[in-house]
Each structure stands twice: as structure tokens, then as C-alpha cells.
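Read the structure below first, then the notes.
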Amino acid sequence: MKTYYEKDANVELLKGKTVAVIGYGSQGHAQAQNLRDSGVEVVVGVRPGKSFEVAKTDGFEVMSVSEAVRTAQVVQMLLPDEQQAHVYKAGVEENLREGQMLLFSHGFNIHFGQINPPSYVDVAMVAPKSPGHLVRRVFQEGNGVPALVAVHQDATGTALHVALAYAKGVGCTRAGVIETTFQEETETDLFGEQTVLCGGVTALVKAGFETLTEGGYRPEIAYFECLHELKLIVDLMYEGGLTNMRHSISDTAEFGDYVTGSRIVTDETKKEMKRVLTEIQQGEFAKKWILENQAGRPTYNAMKKAEQNHQLEKVGAELREMMSWIDAPKELVKK
């Protein structure tokens, strides 16, 4: 595994160039501000609206996507996956010039062929492994978050060097930048989200909550045991792995972990995980998600509404009112 650090990257490669950050959401605002603080010339390309005004207030030169691409030598696409192909076709593609670099922080659209850049531009990825607010905060503290770097197309012969310069400008080489491929990043990212981080965890939490409430236990107690305390466990794992978590919990809990975990996540569960991975590798999930967006998201919206109306969510909202230390969002926004 090749990992790059500060000594391996030269942010001076970006000096005299302009970086266009397309999109000004979680990653967009963080990467743009970190680059600017590293002495890089940055413009923001977004359509008129809330993000346009926020970027302007933050002191950036804000312009249309088309103008930003024409202005820049490096173009970083930081829009949601489902928006990128449309924006690329509408404002990026016709304005690309020989020798430019097209950057991504997730490989979905390149790997699954939704964006097909011309052969005369570099195509690379710099993917910080943290949400935008943490990318920014840790940078301001003088540190950085780890990231992945990949080169899909090296038209100039300098794609990796420029990508590493970008990673250094964002602060990621302070922690370490691991070399990967668009395929590996995309497929593992989707797999992790679907089977563990999002799909797996939410299904497990709901199943535990429902088992307790169906067994006659109060929903408030079920919420505490199956959702609320999950943060305590995940934080311990995040800080020091499974061993640290098991060292920190009671011996009773640890023994229960050993003798019960494999009864819940069974060999059949792992077989299903492998089937999910195959679907991702063969592009079945990508096709399903692309078609879902083209159809106006009927399944997505119906499932989202059903999940929001689950008893777990209603009980949780009431209990969180008791927790003064939680800064509950007044408005739900994508991070």
C-alpha cells in the first residue's frame, strides 16, 4: 500500500493555477477554504441560490459552472453523485481544454460510465475520509484528515503529482494519503454504506427495537438500549478498534458479544453481503439508482417517508428533548 505524506507532495504545483470547486456543500466549502488558506487561487462554480450566496459571503469569486471551468486549470466536482452527470454535460464538458485536470472526491460517475472525459484531460480523485466540517476544523487546528488518491487518466504525465498537490492544499498529506483506484474506492464505499454503515446498522437497530417492544418492553427503554447507546460503542471502536471497545465495556457485555454476535450476523448474512458486493461490482445497484433518479425517485421517496414514520423515530424525537447536550438540527440537510 502506497501512502503519501507532506514530503511527497508539492502544493507549489498549484501556484499560478486556478482551481474551480464545483459545488459548495459540505466538501465544497471545506476544500475550497483549505485550498485558499494554502495559498491556492480558488473560484466556486454554482448556480444561483443558497450555496451561491454562502460562497460569496465566504469571500470567494462565484460564477456559473461553465465560466468556472473556462477560468480554471483544475476542476474539482463536488456535487452529489446523482447531479454530476447532468452538470458535467450542461456546463463542464464543452469547456474542458487540453491539459486541464478533472478531479472527483468519489468515483461513482467515472467508474460507472456516467461521465466520460475527453482523452486530453487528466482525471483523478482526492477523497478525504471525513465529512466536510471535520476536514475544515482539523485543518484549522494544524492537522489533516486521511484521504485516498487515484488517477484514472494521465494525459499530461503529471496527474498524480497535481492530485497530491491538491491533497496537500486541502491538508490531507498531514495525515496520509493512500493510493487506490476509482474502482476500489467506488465499490468499497458503496458496499460499506449498504451493508454496514447505513443499511446494516439501521436494519439492526430497528430489528432490536422491534424485538424488545414486541416483547412487551417500553419503547423508550428499547430506544436507549438499541440506538442511543450505539454512539458510546462506535466512539470506542473509532478511537481504538474492536479491542479498545471490548476493553472498555463490562465483562458481561464482552462475553455476550462473543457468544451472541455470530448468532445475529450469521454465515447466511455474510453470503448475502457477498451477493450485495457482486451486484455493486456488476453495476446493478448503480443502474437501479440512476433509473430511480430518472423516474423522479418514487421508491426512494416512499421508503424515506415510511422510515421517518417508524415508532423508533417518534420515540427518539421525544427522548432527545431530554438531552440538553445534543444540538439537534432544526432543519435536516445533507452533510
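Glycine too: its Cβ is placed from the backbone N, Cα and C atoms.
Bear in mind that the values here come from a model prediction, so they are computed numbers and not experimental data.
According to Swiss-Prot, the features are:
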type     : residues                                                                     : note
DOMAIN   : 1-180                                                                        : domain 'KARI N-terminal Rossmann'
BINDING  : TYR24, GLY25, SER26, GLN27, ARG47, SER51, ASP81, GLU82, GLN83, GLN84, GLY132 : NADP(+) binding site
ACT_SITE : HIS106                                                                       : active site
DOMAIN   : 181-326                                                                      : domain 'KARI C-terminal knotted'
BINDING  : ASP189, GLU225, GLU229                                                       : Mg(2+) 2 binding site
BINDING  : ASP189, GLU193                                                               : Mg(2+) 1 binding site
BINDING  : SER250                                                                       : substrate binding site
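Closest to TYR24 (NADP(+) binding site) in space, going by CA atoms and restricting to the recorded positions HIS106, GLU193, GLU225, GLU229, SER250, is HIS106.
Mean pLDDT for the domain 'KARI C-terminal knotted' (181-326) in this predicted model: 97. Across the structure, SER26 (NADP(+) binding site) and GLU225 (Mg(2+) 2 binding site) place their CA atoms 31 angstrom apart. The shortest Cα-Cα distance from ASP189 (Mg(2+) 2 binding site) to any of the recorded positions (ASP81, HIS106, GLY132, SER250) is found for HIS106. Ranking the recorded positions ARG47, HIS106 by C-beta neighbours within 10 Å puts HIS106 at the top. Taken residue by residue with DSSP, GLU229 (Mg(2+) 2 binding site) is part of neither helix nor strand, so it is coil.
For GLU229 (Mg(2+) 2 binding site), the nearest of the binding-site residues by C-alpha distance turns out to be SER250; the candidates were ASP81, GLN83, GLY132, GLU193, SER250.
A Cα-Cα distance of 21 Å separates ARG47 (NADP(+) binding site) from the residue listed as 'active site'.
Considering other CB atoms within 10 Å as the measure, the emptiest surroundings among the binding-site residues ASP81, ASP189, GLU225, GLU229 are those of GLU229. Other Cβ atoms within 10 Å of the Cβ of GLY132 (NADP(+) binding site) number 21 in total over all chains. Candidate binding-site residues: ASP81, GLY132, GLU225. Nearest to GLU193 (Mg(2+) 1 binding site) by Cα distance: ASP81. Of the listed binding-site residues GLN83, SER250, the Cβ environment within 10 Å is emptiest of other Cβ atoms at SER250.
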